[in-house]
Protein chains: 2
Amino acid sequence: MSRSHYSGEVNESVIGQRVALKGWVQKRRDLGGLIFVDVRDRSGIVQVVFNPKISERAAEIGEKLRNEFVVSIEGLVVARSDGQVNTSMKTGKVEVQVDHAAIINAAKNPPFAIEDNTDVSEDLRLKYRYLDLRRPAMFETFKMRSDITKSVRNFLDREGFLEVETPILTKSTPEGARDYLVPSRVHEGEFYALPQSPQLFKQMLMVSGFDKYYQIARCFRDEDLRADRQPEFTQIDMELSFQTMEDIIQLNERLMVQMMKDVKGLSIEPKFQRMSYKEAMDRFGSDKPDVRFGLELINVSDLVKDSAFKVFSGAVENGGQVKLINVKGVAANYSRKDIDALGEFAAVYGAKGLAWLKVEEEGVKGPIAKFFEGEASAALITRAEAEAGDLLLFVADSASVVADALGALRLKFGKELGLIDNSVYKFLWITDWPLFEYDDKAGRYFAAHHPFTMPFEEDLDKLETDPASVRAQAYDLVLNGYELGGGSSRIYRRDIQEKMFSVLGFSDEEAKEQFGFLMEAFEYGTPPHGGIAFGLDRLVMLLSGSTNLRDTIAFPKTASASDLLTNAPSPVSQAQLEELSLSAKEQNNQKVSD
Amino acid sequence: MSRSHYSGEVNESVIGQRVALKGWVQKRRDLGGLIFVDVRDRSGIVQVVFNPKISERAAEIGEKLRNEFVVSIEGLVVARSDGQVNTSMKTGKVEVQVDHAAIINAAKNPPFAIEDNTDVSEDLRLKYRYLDLRRPAMFETFKMRSDITKSVRNFLDREGFLEVETPILTKSTPEGARDYLVPSRVHEGEFYALPQSPQLFKQMLMVSGFDKYYQIARCFRDEDLRADRQPEFTQIDMELSFQTMEDIIQLNERLMVQMMKDVKGLSIEPKFQRMSYKEAMDRFGSDKPDVRFGLELINVSDLVKDSAFKVFSGAVENGGQVKLINVKGVAANYSRKDIDALGEFAAVYGAKGLAWLKVEEEGVKGPIAKFFEGEASAALITRAEAEAGDLLLFVADSASVVADALGALRLKFGKELGLIDNSVYKFLWITDWPLFEYDDKAGRYFAAHHPFTMPFEEDLDKLETDPASVRAQAYDLVLNGYELGGGSSRIYRRDIQEKMFSVLGFSDEEAKEQFGFLMEAFEYGTPPHGGIAFGLDRLVMLLSGSTNLRDTIAFPKTASASDLLTNAPSPVSQAQLEELSLSAKEQNNQKVSD
């Protein structure tokens, strides 16, 4: 008999009905001649009871069951007696009296228990990913992932977007992260690259007049992995023609509002907060600030520029800043040793020191208090809106070090002091980005977003003369302190694109070799266009409440980019290499199987 | 002003309204002081008129317009005068009196006209793909592609399927087509492979209890390309647990019925025809027969086995067959020379000769007629249901050559004689496939579908003793003579999977090295499962009426797997190769740029 119900559907509403279940043995216990078995499938768990008085044959099967056996169960749904009701289970008011049962497949004892709160090592979970994915919380995450993409697709479809697939085997473009390469067998010595994003292809679709494109697109970066990076990741990718930055921002606000409603059942504010890059850095020391709490950075450079405390006045003199955060009411809880530890934490972000003051009724206390007496103290207290019991933490350094160090401290206190309401989702647009970042090591400018981002029209004349001051028509969407995605208006004129490549240090030949087709396309009637891309994996992570990106990907790679389940990457045969006209370097030949 | 309407929406219903359009100049002509311009966007074309009496400034812009300029147009929609109505255009009853106009971007004269019936070379179309995609028919195809996936997703979603993404960077499994390889930078000398299908991962998801999975999945094969093959292609991929082959067949019939309704507005028969592999080969000489027309293969081996015509009797004696097709009423149209040409056509499929007879009132005529007089002739005519004017074409050879040659001739006549109703969509299931195919050259069996296909339960005991006779729980879906996709029940027991690999010539070590994780997974409680995958590109091709698979892919590769737009594959830098510990072979080093 085929399945009549999923386990999770067997509740009070089907009492008195016969059901047929297919699932896995979650737990089995013998109690007074009866065998109780929890049968699990993707929907949940229901208790079934083998009673020899009801079916001796079924009870014999029940005897043989072990954890993770695959079973077929038929029987009558009955109400549990009052004392047996389990209110923590959605099927806890009923049980199934088994009259027919069969073992569909046996199972060895699994290397870890199939339950949500497992403390087994992640490597073991990845090696036995098919067991790890049996944990109900994992299924819920992938259900949510599927729900998110469904909601996004439905919204974009209603808005007239067309889903178009772009190639995975494409061209290597060294500007950006490191490419994964794919050797060509037909064209000896040549390579495809896996795309870091569908950027150029979606721009081509705009040149083609497709007008509104989207794709849930797989992208690839061969970078050293961090906890929140994977070699392959998925983007919600879109591009539109003839739309202003404002149009695109508002469209995506509506998208996110709808998605949060569909997936989380939450009504969020339809208009998101906006903040310039500069303001975000000034107030939060971050270009992706978590605005669910305050504890903002307070600039006191003007107050201390003439201070006798040379660390402060010197920093200002050298073009840097002095800023503080006011950690309210905690002064009494932080010993000198505790504050030293905070200093070590700040040092990771480049701060050479962490100055501090404790605020008391009579003024400020601490090693540097002597520099801030009378009016100087009062001015600081006023600026910091401080009161007795507050702890003021200062960093004096270049603007970027001050931002990094105090921004990180702010987040640390936000989490540790419970300042963050985790039930809240705060979306935030960051706008007015610089177009370029100067890299001291490379001695040249890099594109802050990517080389296809349109400058502000009014900054166009500074593109070559003062690149650092040129602003980009770019915008990032931040959620709870994470960058969800970034968008921009794109360059659609050849002359601007050429200047852009020139600032980035491309020779004319290099620009033509790598992006000639793009610049040529601009000459055949290219509409103004722009778009945005969101990291789907990160979105799932934030909405599922996970902190591990790998939990959002069905078959993820480890930090060394390995798949522990299938054992990829792996050696290939000499014959395969020869077909590709490749040889692995000598020192590795012994690793290549024959 | 932002766009108020797409061009294609400017019809009688908006007469008297002002509209704002954004689009491309399709055509411009001067007529008696007026300038008429067709403005195109993805929705269609509308005629706008520049009249200096309405706006001199706009008319000056109108003067400057050339084909493919990007323009912004504003004006009043008016009815065309009676003589000017163009009934072949959906906007042919109106025109827009331009009062504001702007050139958004200029355009060079394109290398080919943007219109549907272009005879320009495909290479040029691919190099300027962004212009090629401007042709309305191309946009329609991608709209249909988007509609197909939308319909499929909606259906599967309602059926409780979960969309799950599986990895693109995975493990090379030499059994099957040739893999695309991706060198690992972190693990020197090791490689990922791009998936030929998500087969193993979707099976893992079934082991995980995900129950119903689907994905619109990108797949890759490094094979020599034919007109209907691409290095990357897209599958509608699904897998289900605890469902019989019959359940899965019926589900997919409902899927296709719904999709044909959503996409083509057609109601097709909800129950598809079914045919065993053997019957398809016998009757049509093909495992993917086009059943929109007859002209079936007729077996006359029994009638000719004692014939004095040694070609026939000899073939039967050697274990082969003699079959014919009866091409009705065409005998008079085919000269000896014509029939010789048919023989050459048949020779391509391995036929050593093509015997023939023309049927006349008094019997059969032709070079071999002397062998078929009296009763022998009458028996043939009866079996072939022939009448005067028919042409009988015979092939005598091994069963497979007979099938190939007569099957191809059948299709050729079907097309050339107009026997096929192109408005009809005939879906057909092919069932009862052999599990293995023997490859004479390799001297071993290969899996006819793939090594994970479940044999018929009742054939299990012949798996090792008589592999050739074992039938597979596999089924293909055929549409109008094209294989749309194939599915099967999968092996879910380790012992059967081991036997399978053993028949395929794997040593225990090889099987374990490549598929150890699969066989281990089978021991941890694997449900019975099965699934199917359809070729999306081919489906789009058939429903859009195209004959070129490349027209269904936005950025396809050529027959030598090149992307003529971006120029992929291409050389990469020595630095990139070194990071991967690879060297291209010596003879190619000069092709690698530095």
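For all residues, glycine too, the Cβ spot is worked out from N, Cα and C.
Per TrEMBL, ATP is bound by B:R221, B:D222, B:E223, B:E483, B:G535, B:L536, B:D537, B:R538; the candidate from B:Q215, B:Q230 named for the same site is B:Q230. TrEMBL assigns the feature region 'Aspartate' to residues B:199-202, out of the candidate ranges B:131-134, B:199-202, B:315-318, B:451-454. B:L536 (ATP binding site) and B:R221 (L-aspartate binding site) are 15 Å apart (CA-CA, integer value). The secondary structure of B:G83 (site 'Important for tRNA non-discrimination'), as reduced to three states from DSSP, is helical. Annotation for B:R538 (ATP binding site): spatial neighbours B:D228, B:Y482, B:E483, B:L484, B:L549, B:T552, criterion Cβ-Cβ under 8 Å with sequence separation of six or more. If you compare Cα positions, B:L536 (ATP binding site) sits closest to B:H449 out of the recorded positions B:G83, B:E175, B:H449, B:R490. Secondary structure of the region 'Aspartate' (B:199-202), assigned with DSSP and counted as helix (H, G, I), strand (E, B) and coil, comes to 4 helix, 0 strand, 0 coil. Around B:H449 (L-aspartate binding site), the same-chain residues six or more apart in sequence whose CB sits under 8 Å from its CB are B:W433, B:L435, B:A472, B:A474, B:G486, B:S488, listed in sequence order. B:R490 (L-aspartate binding site) has a Cβ environment of 22 other Cβ atoms inside 10 Å. If you measure from the Cα atom of B:G83 (site 'Important for tRNA non-discrimination') to that of B:E223 (ATP binding site), you get 57 Å. Long-range Cβ contacts of B:E175 (L-aspartate binding site) within its own chain (separation 6+, distance under 8 Å): B:A447, B:H450, B:P451, B:L504, B:Q514.
Whole-number maximum of the Cα to Cα distances across the ATP-binding residues B:R221, B:D222, B:E223, B:Q230, B:E483, B:G535, B:L536, B:D537, B:R538: 20 angstrom.
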